[in-house]
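Q: Straight from Swiss-Prot, here's the annotation block:
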TRANSMEM  11-31  transmembrane segment
MOTIF     96-101  motif 'HXXXXD motif'
TRANSMEM  125-145  transmembrane segment
TRANSMEM  307-327  transmembrane segment
TRANSMEM  338-358  transmembrane segment
């Protein structure tokens, strides 16, 4: 391991990142709280401000991926479609197999200048996660309980609110509903057999209702669906903790632009269309494992400096008073004060590790297990 790699793996560096993220995140969340005063006066101004405040938080994680870890991303796509990326609203359909696939989705959004306005369809429990979850609340993310009877109305209402959103955005959605594991895959394929659907090797059975309602609600606002199939070279299985340790990965992302008018309006036909899409995604993954590459032309969208600039700004803002406080405590010589300081740091570290744990595959939700079993029994 070289000197830079050794430095990046040090716990002290991780604590600095944790402190900057938590301190700046809570400051930004507080500012977002006060922006609620704007909502009844000027809703669009509220949205534009929160779009930029959101960028201040999410770009810190993208900075870790792109600058600290140095992870590279090659996009395989049609050059004609590439020219439209970042210039239109789009629904981005991502496979859900890796712990950092959400971060790669954010990186894609950042490369095309849409990170601040990017939306997700996320489980409602994430709305209570400090900093990121609260940020999502203020930027009108679409939350679901993953119980269709409850979500039918609430998700449609949330999506309708995005029809007049003033910023360009990618709406990121994992149609599989939960992250891929072998156990979930086995149960999902039992459901596929029971429904007479083709077997998928590298994906779970897509959940069509959420996708159909998203397309229906955003039609004539969103221009296209971007079908994105993600994989990593050398059979690597990247983790957020690995990114924090500065480990470099190389992502390959196959992106197909599908005009929204090509997607059926009827829900049943839309469902059949999505199942066919996932059969094609599965074939692309199989081809990648066989050849190590995706179809179409490889392109590397340039890494933008703004994520790094944003982090340096917040780091300088919150670290200077912190070090002043630290020096004053050391000079005081009070054992109680120092013990309190260490305790606060320990709690902060545990808190960030807990947020990282939300992304870990082996600690993921049991949704894909229990819900698929229920469908199998129906």
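Cβ coordinates are placed from backbone N, Cα and C, and glycine is handled just like the others.
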Q: With DSSP as the yardstick, break the motif 'HXXXXD motif' (96-101) down into helix, strand and coil residue counts.
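A: Tallied per class, the motif 'HXXXXD motif' (96-101) gives 1 helix, 0 strand, 5 coil.
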Q: Please average pLDDT over the motif 'HXXXXD motif' (96-101) for the predicted structure.
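A: Taking every residue in the motif 'HXXXXD motif' (96-101) and averaging pLDDT yields 91.
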